Ligand SMILES: [Zn+2]
């Protein structure tokens with residue numbers, strides 16, 4: 001049985017977002033300062049949040065997942081813990097057995113279509129046995145992010161209605177469609193999304209799974225709002241939030257370590273709060 005919206009925290013958060021027409025930031029954290037800033041922003045704005053880690057971070061900083069889990073559980077607003085772009089089957093099996101994630105993106109999109117579906121189905125069953133919700137990518141979103149296999153050599157494939165049905169058939173809980181969104185930075189002309197496709201995917205899904213939007217680097221507030229209005233509940237963000245923190249570090253290396261940590265957290269908290277207001281999730285809990 002897939003986890004129901006009433007028992008899985010990620011699905012509960014997204015169910016409420018869909019019902020009331022707002023989006024929830026699913027924000028990548030690379031370290032404990034990021035986690036602190038993101039959680040403080042959620043509490044300060046009374047907003048739900050999905051905290052995301054990359055599989056590479058589990059290897060680079062093995063203790064971070066436990067800090068992230070404690071932060072989620074201790075927060076005064078709903079915050080769930082999600083593993084983004086898990087592409088290694090062995091790692092997924094280990095994570096499911098040993099780590100406190102509420103949801104996992106089982107990303108087999110680097111495999112050929114039939115194999116992608118088959119592996120997704122098998123791993124989804126495993127996750128559901130532990131009450132973990134599953135996100136999958138239909139079509140193929142091009143580009144690469146930290147620790148994720150770059151699909152640049154492969155052809156980007158827009159999500160088709162047939163694929164949506166096939167993924168619903170393997171009982172995933174969240175779908176990340178390919179609608180012209182890419183991982184990494186967009187060309188100078190900026191993102192060009194196929195909104196008709198996104199709206200028709202939402203109609204086809206008809207509430208059976210939630211929609212996650214990847215590849216939001218360079219998104220404007222308006223474009224983000226349009227995506228939410230067209231059916232996106234989970235708004236994956238990485239550079240969109242974290243760039244301000246990286247910039248702060250580069251410009252303030254002369255400060256003391258304590259000052260860098262404190263002020264860096266503050267900069268990221270403010271930027272996260274701004275995007276929570278844009279997504280409409282502020283003041284919802
Ligand atoms: Zn992604």
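Glycine too: its Cβ is placed from the backbone N, Cα and C atoms.
Heads up, TrEMBL stuff is auto-annotated, nobody curated it.
Feature annotation from TrEMBL assigns active site, proton donor to 84. The Cβ of residue 84 (active site, proton donor) has 26 neighbouring Cβ atoms from other residues within 10 Å, across all protein chains displayed.
The secondary structure of residue 85 (Zn(2+) 1 binding site), as reduced to three states from DSSP, is extended strand. What TrEMBL records for 85, 183, 214 is Zn(2+) 1 binding site.
According to its DSSP assignment, residue 107 (Zn(2+) 2 binding site) is coil. Among the features that TrEMBL reports, Zn(2+) 2 binding site is placed at 107, 137.
Checked against residue 107 (Zn(2+) 2 binding site), the recorded positions 84, 85, 183, 214 differ in C-alpha distance, with 85 being the nearest. DSSP assigns residue 137 (Zn(2+) 2 binding site) to a strand. Ligand 1 lies under 6 Å from the Cβ of the following binding-site residues, listed in sequence order from 107, 137, 214: 214.
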